[in-house]
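First up is the structure itself, then whatever we jot down about it.
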Amino acid sequence: MAMSPSLFYPVEQELCSLEKNLKAVAGTRHPILYAAAKHLFDAGGKRVRPALVFLVAKATSEKQDINTGQKRLAEITEIIHTASLVHDDIIDECTTRRGVKTVHNLFNTKIAVLAGDFLFAQSSWYLANIENLAVVKAISKVITDFAEGEIRQGLVHFDPSISIDAYIEKSFYKTASLIAASCRGAAMLNGSNHQINNDLYLYGKHMGLAFQIMDDVLDITGSTKSLGKPAGADLINGNLTSPLLFSLTQEASLNDLIDREFCNSTDIASTLFLIKRSGGITKAKDLAKEQVQAALSCLQFLPQSTPVSSLKELTHFIITRLS
C-alpha cells in the first residue's frame, strides 16, 4: 500500500524544498562521490523521517512555523538515514533497494563505503551548525546507536535463540533511535518543555519500532516487485525477524532450515510458507499494533491541530498497512 499524499499535506512545501536541498548535499568536488550520492537521493523513498520532523515542528509551534534549525534537522535526519542504508546494503550484500541498484552494485564496495562516510560527515557538519548543544548531542548519539545495532545484529546471525526483547532492542538501535531523537529535536528547537520533548521522543521511538516490525512483515509477505528486493532477503542474510521468531514454537522444522542457513534453493520458500502457516505474521502484526497504540498515547497532551492530526493519521496508516 502506497503512502497517502494527504498524510504529509501540511508539510508538502517543505518536503519539496528538502528534495532540492538533498541534491545540493551531493554537490562535491569529487565526481564519483557526487554520482553515488545523487544516485541515492534520486532513488527517492517515502521521506517519512523528515516529514515527521516538519510535522512535529508545526505541532509544537503556536504559529505552526518551521524555523531554519528544524529545516536543517530534517535534512540531517534523511542524510543520516541514507548513509546508514548504504552501509547496511554492503553488509547485507543487497543488489537492489527501492527497485534500483545499490551503490556498491552500481559502482563498487570501496565507492559505496566512501559515499556512506561522506554522507555521515556531511550530516555531522550540518549538525554542528544547528547551534543547539542538546540537539547536537541527541542526534550524535544516533550514529553510535546505528553501529551498536549493526554489531548486535551481526552477533546473532542465524541464531534462533534470540528473544523478542533482544529483537526490539536491536530494532531500536537500527531504526527507532533516529526517529525518536529527530522528533524530540524538532520540539526542542521550538523551546518546548521537558514533558512535550519526552512525549515526542517516545512517539518517535514507538513509531520507529512499528515501522521496523512492519518492514519485517513485508519482507515475508511482499513480492520482489513491491519490495524492490527479493522476498525473504533479511532471512537470507541471517537476520531472524519477529515473524520467524514467533513461528519457532509452532514449526520445529524451521530450526533445521536455520541451522543450514537456508542454503538449499527451496529453503527460503519453505520458510516463508511455514511462517505464514504458523501464525507468526499475525503475532508480529499484533506487536506492531501495540507500538502504534503506544505512539498514539504520546500525542494526547498536544493541542489539536492539523499537524497533530497528520501525526495521528500516519500512526493509523501503519495499522491499515498491516491489516
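Think of each number as a place in line: the chain as shown, counted from 1.
Using the three backbone atoms N, Cα and C, a Cβ is placed for every residue, glycine included.
Copied over from Swiss-Prot:
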BINDING   LYS46, ARG49, HIS81, ARG98  isopentenyl diphosphate binding site
BINDING   ASP88, ASP92  Mg(2+) 1 binding site
BINDING   ASP88, ASP92  Mg(2+) 2 binding site
BINDING   ARG97, LYS174, THR175, GLN212  all-trans-polyprenyl diphosphate binding site
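Location within the structure of each feature annotated in Swiss-Prot.
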{"residue": "LYS46", "record": "isopentenyl diphosphate binding site", "DSSP class": "coil"}
{"residue": "HIS81", "record": "isopentenyl diphosphate binding site", "DSSP class": "helix"}
{"residue": "ASP88", "record": "Mg(2+) 1 binding site", "DSSP class": "helix"}
{"residue": "ARG97", "record": "all-trans-polyprenyl diphosphate binding site", "DSSP class": "strand"}
{"residue": "LYS174", "record": "all-trans-polyprenyl diphosphate binding site", "DSSP class": "helix"}
{"residue": "GLN212", "record": "all-trans-polyprenyl diphosphate binding site", "DSSP class": "helix"}
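A straight line from the CA of THR175 (all-trans-polyprenyl diphosphate binding site) to the CA of ASP88 (Mg(2+) 1 binding site) spans 12 Å. Neighbours of the all-trans-polyprenyl diphosphate site: apart from ARG97, LYS174, THR175, GLN212, residues of the same chain with C-beta atoms within 8 angstroms of the site's C-beta centroid are SER84, ASP88, SER171, PHE211, ASP215.
Checked against LYS174 (all-trans-polyprenyl diphosphate binding site), the binding-site residues LYS46, ARG49, ASP88, ASP92 differ in C-alpha distance, with ASP88 being the nearest. Taking the binding-site residues LYS46, ARG97 in turn, the residue surrounded by the fewest other Cβ atoms inside 10 Å of its Cβ turns out to be LYS46. Of all residue pairs in ARG97, LYS174, THR175, GLN212, the annotated binders of all-trans-polyprenyl diphosphate, the farthest apart have Cα atoms separated by 17 Å. If you draw a 10 Å sphere around the CB of GLN212 (all-trans-polyprenyl diphosphate binding site), it holds 23 other CB atoms from the protein chains shown. The Cα atom of ASP88 (Mg(2+) 1 binding site) lies nearest to that of ARG97, taking the binding-site residues LYS46, ARG49, ARG97, GLN212 as the candidates. ARG49 (isopentenyl diphosphate binding site) sits 18 Å from ARG97 (all-trans-polyprenyl diphosphate binding site), taking the CA atoms of both as reference points.
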